[in-house]
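A.B. asks: Dumping the structure here so I can ask a few things about it.
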Amino acid sequence: MSDETRDAAPGRRDGYRVWALPGLPEVQSGDDLAKLIAAAEPALADGDVLLVTSKIVSKAEGRVVEAADREAAIDAETVRVVARRGPLRIVENRQGLVMAAAGVDASNTPAGTVLLLPEDPDASARGIREGLRDTLGVDVGVIVTDTFGRPWRAGLTDVAIGAAGVRVLDDLRGGTDAYGNPLGATVVATADELAAAGDLVKGKAAGLPVAVLRGLPQVVAEDDGEGARAMVRGARDDMFRLGTSEAVRQAVTQRRTVRAFTDEPVDPGAVRRAVAAAVTAPAPHHTTPWRFVLLESGESRTRLLDAMRDAWIADLRRDGKSEESVAKRVRRGDVLRNAPYLVVPCLVMDGSHTYGDVRRDAAEREMFVVATGAGVQNLLVALAGERLGSAWVSSTMFCRDVVREVLGLPDGWDPMGAVAVGHPAEEPKARPERDAEAFIEVR
């Protein structure tokens with residue numbers, strides 16, 4: 001591409017042409033796609049963009065595999081399941097793409113076989129670009145396309161899964177719009193727009209797997225560029241990394257006991273949302289046996305923990321523990337002291353029944369204790385959903401009178417431990433899966 005063309009390109013708004021290439025033969029393993037494309041369109045020019053359907057790239061690269069069981073092929077290409085609806089799976093595949101069936105396709109391929117996506121679509125695009133440069137002496141952009149569904153939208157469209165020589169993203173952040181308003185979040189997915197334009201002329205069943213787009217030389221780069229991988233947003237940065245049902249299931253199991261926190265303040269609103277989840281727990285007799293005391297000030301936390309420490313030391317000394325042993329045990333309370341936020345859950349027996357015998361009265365209290373535990377578990381799970389770490393510690397149960405006195409609580413409020421809350425100092429470790437069968441008896 002000449003310097004004159006490159007200099008003029010950014011200001012061009014004259015429109016563009018896009019057309020499909022007829023006459024391409026059925027692609028076989030080992031075929032040179034660049035030579036096939038050059039033969040079909042020898043008049044390619046600098047600044048053109050080639051839009052190449054991934055199916056023919058896969059065929060040329062020998063990505064057609066025998067697979068009587070398509071589901072097994074999908075399993076092999078899957079890194080994680082994002083969502084599942086009946087037989088349909090939306091997954092992240094080994095290329096980092098989130099798509100239906102990991103890109104495994106049983107169409108346009110002989111019976112008993114499936115097409116896998118190219119192993120490295122960016123490398124595939126680079127190879128085609130280099131081949132066209134060698135064959136025709138032209139400097140073009142190449143995009144490998146595949147068909148995707150889209151969140152919140154019906155229907156399918158083509159997007160870029162591989163690219164070479166194309167400015168795949170147009171980052172407008174830091175600029176202004178026509179009214180002078182700052183652009184703070186606008187990054188245009190140029191390669192996807194080009195892929196969709198090509199799909200208009202290629203179609204889905206017309207046997208036209210390659211399109212040429214001409215008239216937008218500003219999107220073609222001198223070097224190969226970052227490729228389409230630069231467009232893939234990682235799961236950690238994705239606000240919707242799981243489907244609804246999958247997110248609900250994961251939320252229940254992602255709670256961890258977190259004992260070390262950063263100094264980042266805890267959003268009181270997040271804790272209140274967790275409390276709102278806590279009080280949806282089951283409870284006997286249509287009661288609401290939960291109360292949650294939120295210690296939001298450092299002064300209230302220190303006052304409570306100092307009083308609890310003194311009560312604990314007194315208990316340990318009565319047990320005959322040495323001063324060294326006492327000091328060692330008391331240090332275990334640091335998880336509460338180092339937390340930037342504490343919640344003290346309490347049990348109230350309002351609405352409980354009195355039966356007049358020890359057995360049934362004990363069972364009645366146990367029902368309320370179980371309900372309180374369910375509320376605390378809801379709290380912990382909801383805090384995890386707010387990306388907050390937590391640790392339930394039993395210590396307030398051993399000095400309830402002290403806790404009630406320091407916090408000014410009614411006599412009928414029974415503290416049921418304390419929950420340390422904060423932003424985890426490090427990513428919680430993955431928990432090994434437990435086999436449910438080890439905890440089940442069937443009758």
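Each residue, glycine too, has its Cβ placed from N, Cα and C.
These came from Swiss-Prot, pasted as-is:
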REGION    1-243  region 'Coenzyme F420:L-glutamate ligase'
BINDING   Leu24, Pro25, Glu26, Val27, Ser54, Lys59, Asn108  GTP binding site
BINDING   Asp105, Asp146  divalent metal cation 1 binding site
BINDING   Thr147  divalent metal cation 2 binding site
REGION    244-443  region 'Dehydro-coenzyme F420-0 reductase'
BINDING   Ala283, Ser394, Arg431  FMN binding site
BINDING   Asp315  coenzyme F420-(gamma-Glu)n binding site
A.B. asks: Any same-chain residues 6+ apart from Asp105 (divalent metal cation 1 binding site) with CB under 8 Å of its CB? Would you list them in sequence order, or say none?
C.D. replies: Lys55, Val114, Leu115
A.B. asks: Could you give the Cα-Cα distance between Pro25 (GTP binding site) and Asp146 (divalent metal cation 1 binding site), in whole Å?
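C.D. replies: Here the two Cα atoms lie 20 Å apart.
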A.B. asks: Which residues of the same chain, at least 6 positions away in sequence, have a Cβ lying under 8 Å from the Cβ of Ser54 (GTP binding site)?
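C.D. replies: Once residues fewer than 6 apart are set aside, Ser54 (GTP binding site) is near Gly103, Leu117, Pro118, Pro121, Val144, Thr145, Asp146, Ile161, Gly162.
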A.B. asks: Counting only other Cβ atoms and using a 10 Å cut-off, which of the binding-site residues Glu26, Asp146, Asp315 scores lowest?
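C.D. replies: The binding-site residues Glu26, Asp146, Asp315 were compared, and Glu26 has the fewest Cβ atoms within 10 Å.
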A.B. asks: Any idea what the Cα distance is from Glu26 (GTP binding site) over to the residue listed as 'coenzyme F420-(gamma-Glu)n binding site', rounded to a whole Å?
C.D. replies: 84
A.B. asks: Looking only at C-alpha atoms, tell me how far Asn108 (GTP binding site) is from Thr147 (divalent metal cation 2 binding site), rounded to the nearest Å.
C.D. replies: 14
A.B. asks: Please report the distance from the Cα of Thr147 (divalent metal cation 2 binding site) to the Cα of Lys59 (GTP binding site), rounded to the nearest angstrom.
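C.D. replies: Cα-Cα distance, Thr147 (divalent metal cation 2 binding site) to Lys59 (GTP binding site): 16 Å.
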A.B. asks: Where does the residue listed as 'coenzyme F420-(gamma-Glu)n binding site' sit in the DSSP three-state scheme?
C.D. replies: helix
A.B. asks: Round to a whole number and give the Cα-to-Cα distance in Å for the pair Leu24 (GTP binding site) and the residue listed as 'coenzyme F420-(gamma-Glu)n binding site'.
C.D. replies: 87
